[in-house]
């Protein structure tokens, strides 16, 4: 026996105060990565400096920056700028915005991210998915052909709302909320969105003048065939040529990764060739539409266009909230993926703040929602970027484009933009990942398909909600039906699941169970019923061997927490087992669980002598009691 507060080596110290427990729980919830670890044991001046570097990462990497690193970032920045120009124009047209806004959105946001962003690989820009989500939501109230200024203003408003939400999530350390968008959901959602966007590009590929504002497959295909009289063979031929060239460039990159630059510059080549073709052969006269006039100049302020009118607030809130979550999930996941390739880590909450701030500033400077698109980030990584300076270089390239070259891109054929978008989207339909999910986890595959078909055949927000709903149902099932298993001995000190190891041996007179999750109100009844069922089944088995179960040993190592309903369940289970002359033994209860059991006096009821550190100690003690009991019974029989 140890100190008065322990027995069998088990610590029965008085429970911690409420403030101590609350502080520990909040720390684990909001600061699981312990971001202020480096601040400990530092002088005040050093803490202030490190605090500035933590919240403004450019203050950390810029003082160490040198020309040797800049050479790599210069090449990477120019390379992603060549991709940003056609993508910016293309995605703005996808959202039915003036194309110049797409170029604006690749100028200001990268500068803000370079200051506050923590990922050196992430390349900032607009993305097709969020462009389409915003357009679909806002067009429920306003059509661009009816009032373009109001339409653009609502885009800026939705972007502002998205940025405010993203920043708030980062500041309040609520990054775990984004984790509810599971990998299966994102895979299905991106695939379904890519399919919808590809089909929508048939408008540009075929030269259609009339089209549907709906995004689902049925409406899009119906619009394509109902307007077949508008099909233009010249557009189709040019579009197929451009698309073939783009896909061949992607094939070259896939086969020879060191030639990544071929795929990176292919879109700008398509734009340049398309502009020359349209200018030299007067493409408009042959039914091939072009972008139209693009004015020189940098982003004008857009604060006056922000619109919180009650008439439109519902659609901008919806667009802002949905795109905030989708863009965060995409940007953070992509940033983490590329950081892991270099054995580095990024802070998801800091990334939220950086992405949120660049969208807030962007919404006030004629930009719409930006994040870290996969294609541009992959090019940035493969081009050998060394820091966030590559985003600054890209931004400066976009500045030169806006000041001097923007009008030239007005000759870009719409069919060229359609081919660029279609080529980019084909790469987002991850067939191999979907097949992998089918082979490894059918429920994850179902979650993925719910997002895919929901987006493709109903709507983007409905598909997302269906998939997230299924994922939450699965999570709730895990909570409501926690795993339990019966343990047997493989060696004297190894206890394993008898279902997994059928050859494991049972200990006569004892039933050993392992509980593998917290005991809460949603699962407490199930835990009680499952324990009693284990006991019933074991008693039936032991009766056939003429042995009786006298001890139920519960391994609590996997029970991380317990609420009052869970404790009441343990009291009820004890009473049910006591009626059958079975005693409960607890093994290795965790700190929080032990404190709750002490406060509720469950430990007093079962006795401190019924709590052990290890299963071996519990078995040894129970075996001694069983032997003593058997000896007493034999003596009673002899006396009788």
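Each Cβ is built from the backbone N, Cα and C atoms, and glycine gets one as well.
These numbers come from a predicted model, not from an experiment.
Record features (TrEMBL):
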- 500-622: domain 'STAS' (DOMAIN)
- 65-85: transmembrane segment (TRANSMEM)
- 97-116: transmembrane segment (TRANSMEM)
- 150-174: transmembrane segment (TRANSMEM)
- 231-248: transmembrane segment (TRANSMEM)
- 260-281: transmembrane segment (TRANSMEM)
- 312-332: transmembrane segment (TRANSMEM)
- 415-431: transmembrane segment (TRANSMEM)
- 443-473: transmembrane segment (TRANSMEM)
Could you name the stretch, out of 231-248, 260-281, 443-473, with the greatest number of CB pairs under 8 A to the transmembrane segment (65-85)?
260-281
Cβ pairs under 8 Å only, please: of the recorded stretches 150-174, 231-248, 260-281, 312-332, 415-431, which one is richest in them relative to the transmembrane segment (443-473)?
312-332
Do the transmembrane segment (415-431) and the transmembrane segment (231-248) come together with 3 or more C-beta pairs under 8 Å, pairs six or more apart in sequence?
yes
Using a Cβ cut-off of under 8 Å, list the residues of the same chain at least 6 residues beyond the transmembrane segment (312-332) that approach it.
122, 127, 129-130, 133-134, 137-138, 140-142, 154, 157-163, 165-166, 169, 175, 177-178, 181, 186, 189-190, 346, 348, 351-352, 355, 369-374, 460-461, 464
Which residues of the chain, 6 or more past the ends of the transmembrane segment (231-248), have a CB below 8 A from one of its CBs?
204-208, 266-267, 269-270, 274, 277, 286-288, 413, 415-416, 418-420, 422-423, 426
DSSP helix, strand and coil counts for the domain 'STAS' (500-622)?
61 helix, 21 strand, 41 coil
Short question: which residues 6 or more past the ends of the transmembrane segment (150-174) have a Cβ under 8 Å from it?
29-31, 95-98, 101, 134, 137-139, 141-144, 302, 305-308, 312, 315-317, 319-321, 323-324, 327-328, 349-364, 366-369
Counting only residues 6 or more past its boundaries, what in the same chain has a CB within less than 8 Å of a CB in the transmembrane segment (260-281)?
79-80, 82-83, 85-87, 89, 238, 242, 245-246, 249-250, 252-253, 288, 290, 378-379, 382-383, 408-409, 411-413, 415-416, 419-420, 423
